[in-house]
Amino acid sequence: MEGGLADGEPDRTSLLGDSKDVLGPSTVVANSDESQLLTPGKMSQRQGKEAYPTPTKDLHQPSLSPASPHSQGFERGKEDISQNKDESSLSMSKSKSESKLYNGSEKDSSTSSKLTKKESLKVQKKNYREEKKRATKELLSTITDPSVIVMADWLKIRGTLKSWTKLWCVLKPGVLLIYKTQKNGQWVGTVLLNACEIIERPSKKDGFCFKLFHPLEQSIWAVKGPKGEAVGSITQPLPSSYLIIRATSESDGRCWMDALELALKCSSLLKRTMIREGKEHDLSVSSDSTHVTFYGLLRANNLHSGDNFQLNDSEIERQHFKDQDMYSDKSDKENDQEHDESDNEVMGKSEESDTDTSERQDDSYIEPEPVEPLKETTYTEQSHEELGEAGEASQTETVSEENKSLIWTLLKQVRPGMDLSKVVLPTFILEPRSFLDKLSDYYYHADFLSEAALEENPYFRLKKVVKWYLSGFYKKPKGLKKPYNPILGETFRCLWIHPRTNSKTFYIAEQVSHHPPISAFYVSNRKDGFCLSGSILAKSKFYGNSLSAILEGEARLTFLNRGEDYVMTMPYAHCKGILYGTMTLELGGTVNITCQKTGYSAILEFKLKPFLGSSDCVNQISGKLKLGKEVLATLEGHWDSEVFITDKKTDNSEVFWNPTPDIKQWRLIRHTVKFEEQGDFESEKLWQRVTRAINAKDQTEATQEKYVLEEAQRQAARDRKTKNEEWSCKLFELDPLTGEWHYKFADTRPWDPLNDMIQFEKDGVIQTKVKHRTPMVSVPKMKHKPTRQQKKVAKGYSSPEPDIQDSSGSEAQSVKPSTRRKKGIELGDIQSSIESIKQTQEEIKRNIMALRNHLVSSTPATDYFLQQKDYFIIFLLILLQVIINFMFK
């Protein structure tokens, strides 16, 4: 045996020498012929398992004594060396017939089938699969067994947004389990240590910081939890390929690093050294005592100097895992670079282990199953697009005499200040598309947001956001037109393809309320790193000769890689010249674009044309770019043509935005859902007859078809009221605490180029096809109160969707919207808090009244007389005012 080993294998030799304390005088099954196979760096996995001594059930290693660190198990004596040589000589005397390839199963040596050259490849594959299943079973046993704990303590872990969270970490052989609480009930995630590296990380904060990472930036997370959990507890998002961890002190941190390094080796050493030939040891040490003993060893190793006290990894391993069942990580993941040099040299790589890495994500499949084709919505390129001319020409319209009579009839039904949302408007002023479609005009230049997401300077990032915001206004219909009021439950879907980044920007909108009319929308491009959501309440006010369409609400733009939210509002549309003059449509109002995280903001003012203004005064806009209260730059120009920016420090002015013909030519092309795949409540199919009549200039037919849709909506509302039912939205849900509408299937994780493959949409649900399924957690946005938390389910796709088949063969999981806010504060608790506040206010009010009465009773008589005098004077003044009014009436 010793002759077969290379000179560069001292660790392997010491490991066999140390095994005497634990294993006793067991016989090693090897011979002189087999020793020929032990090359300096290569040896098959099965040969390595035969080379290891087999422990017996009746021999145990004595427990360590804290008072004698150099006791048995940490120092090899001369007797141990001599006995080890005797064992080696016995193993060398074995006949050649006793040495066979190990078949990977746990059957008894007397009944196990030995692989021979004549055995077929089918039998070898069967043994290979059984070995994989056995390794999986051992790993699950290690994770679920409460007695196997290498180390457990509270640690602070830094999330994706660079904020720290205190979590309970339990270290087991090959895995690191992370929980929210010490009771191990709220599982957050499981880190697979077999492919991880550990490095100390400098930090300005107190404590000891180190990093656990994958050298190739692959995912370090397991698919499921120790009890089969598919989704972890709600916490801040954690990185996919690394973890930055901070311990309270340097000694604790180095203790954790030593424990993690040992756990990395345990993932492969356990499988090789703890194989039983039909027998398993009974547990002899409880979990508590095992944990304390091991923790003490690691702490002693950090407190003592290296010259006086050094621990051998294999000795610590045997001390902690002595007399326990077989625990190992998956056999398909043993090619970890963190393993010992001795392990790599002795065990080597076989032909089978070279192919195991491709199957490490799911060992439950015996044969790789074919990947199902991606099921996504079919989109077609938009054939026609109307772009209005710049200036006042495209915003004015001369009304015919026939239409004027309709306007006068309409004006008789309204009065100044009245809300026109419930008034049925004539069809000649309708633009042949829905308001949900109209809201998508802002994303033909979504590539500006792709550039902004990559911009490192926050000021330049704000400038790109403002530039994108202005790019959504120059597209306007010719004349004075108003889009359709969406029907309750109406939806609209479209997308834009980015040729530069090969990504897609998806737009989803739904009419979530009819009275009041609220439209919710969601835009997502995870690959380019941004998403946008919001809701708009449309109101109309009549002022006699003019009316205004007010868009209440806000949109929230989020850069996923930075955790920044840009909150922006909308201008209002103002139409004048209804009774006299030319009917003209303009934009007015003040728009705010604010990023609370960076402190940068923009203020844009859309100006209406003055009464005596010229044509140059139409569509004017001015604005400021600010950092806090400091103005960095100003904007001036026209929102449908040139806009200039002037830097306040240098006073230099340049063109900020100008929709030239070249810009319009390179705008992104919109793709809409194929008409045959649209649902009955999608905008294009729902309003198709009205649109056809308007395009044919048949106002009578358009009015009739519009009435049919509106009457069907009213009848449906009456039916729901009769049945005492409430309307349930398909794609959006209302947050009762913030009053905001949110997309049910929103995925705000940063794009992982190593795991995320493609983003797609099916039936209104935006999803991401991933290579490997990983647990996905979500954190509430900063704008929300800390009560809104959303749980997501990660199956084959990163966004949960009912009735969607996993592309890798796993079953889809149905998600109910009601389960997304289990962590939110109950409304009953809020009501009880309000009642408590009311009671406190009543008590304060009673105390104030009592104090006031006391002051009045102690007031001197002169003050009382003056008060009566004042009342008398006030009475005379009021009487005089009444007399004067009566005389001049």
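Using the three backbone atoms N, Cα and C, a Cβ is placed for every residue, glycine included.
Checking Ser14, Ser71, Ser93 against Swiss-Prot for the annotation phosphoserine singles out Ser14.
Between the listed residues Ser97, Ser141, Ser251, Ser314, Swiss-Prot assigns phosphoserine to Ser314, with no corresponding entry for the rest in that record. Just one residue in Ser88, Ser331, Ser342, Ser364 has phosphoserine written against it in Swiss-Prot, and it is Ser342. Ser810 is the residue among Ser89, Ser95, Ser810 that Swiss-Prot describes as phosphoserine. In Swiss-Prot, the feature phosphoserine is assigned, of Ser105, Ser286, Ser350, Ser808, to Ser808; the remaining candidates carry no such note in the record. In the shown protein chains, 21 other C-beta atoms lie within 10 A of the C-beta of Asn485 (1,2-diacyl-sn-glycero-3-phospho-L-serine binding site). Helix first, then strand, then coil: DSSP counts for the domain 'PH' (148-265) stand at 19 helix, 45 strand, 54 coil.
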